[in-house]
Amino acid sequence: MASKFQNRLVGTIVLVALGVIVLPGLLDGQKKHYQDEFAAIPLVPKAGDRDEPDMMPAATQALPTQPPEGAAEEVRAGDAAAPSLDPATIAANNTEFEPEPAPVAPPKPKPVEPPKPKVEAPPAPKPEPKPVVEEKAAPTGKAYVVQLGALKNADKVNEIVGKLRGAGYRVYTSPSTPVQGKITRILVGPDASKDKLKGSLGELKQLSGLSGVVMGYTPN
């Protein structure tokens, strides 16, 4: 073990010594190479190395007073080739580029509302005037009446009485105010002429739909 360690130590020392000897020489060689390159490139070019500019004519050289032949013809030809500016054409071109005004929409007319028809209330029907039946005084002597019928329907009694009175007959009921469900007699008269009452039985039947009987009148 000791011999191996010693061998390694000796080898390491030899390598370090070689590095110390060889590295300075390498570094000096590189420095010299860089110095040679700097020396090869001159900082300021020599006078003979610069390219001399072409010989320019002197500023004081006199220019020709007359243009060369053919120059005037070329100028005139160029003027003729140039298009002439017509004032009308210029004005037309200017008008072409003027922006067109935006179309203005006409105002929409307001819808006219039709007048609402006035709804007139229908006139109330006028009640027909009932014919005035003259109340004849009951005869003082013997009198007669026509009994048309006896009904329990109070509405039907009132309907028949209205028709007969509208035709001009003298009509009354017993009892005087019809009561629903109770018997009510319909009587026409009284009249002193029995024959007259008998002659009216046909018309009374047409108006009321009832067959009447002539009988003696007894005042209540």
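The backbone N, Cα and C atoms fix where each Cβ goes, glycine too.
Predicted, not measured: the structure shown is a model, and the values here were computed from it.
Now, the feature entries from Swiss-Prot:
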TRANSMEM  9-29  transmembrane segment
REGION    46-84  region 'Disordered'
COMPBIAS  57-70  compositional bias 'Low complexity'
REGION    97-137  region 'Disordered'
COMPBIAS  100-109  compositional bias 'Pro residues'
COMPBIAS  110-119  compositional bias 'Basic and acidic residues'
COMPBIAS  127-137  compositional bias 'Basic and acidic residues'
DOMAIN    138-217  domain 'SPOR'
Helix, strand and coil totals (DSSP H, G, I; E, B; other) for the compositional bias 'Basic and acidic residues' (110-119): 0 helix, 0 strand, 10 coil
Residues in the domain 'SPOR' (138-217) grouped by DSSP into helix, strand and remaining coil: 27 helix, 24 strand, 29 coil
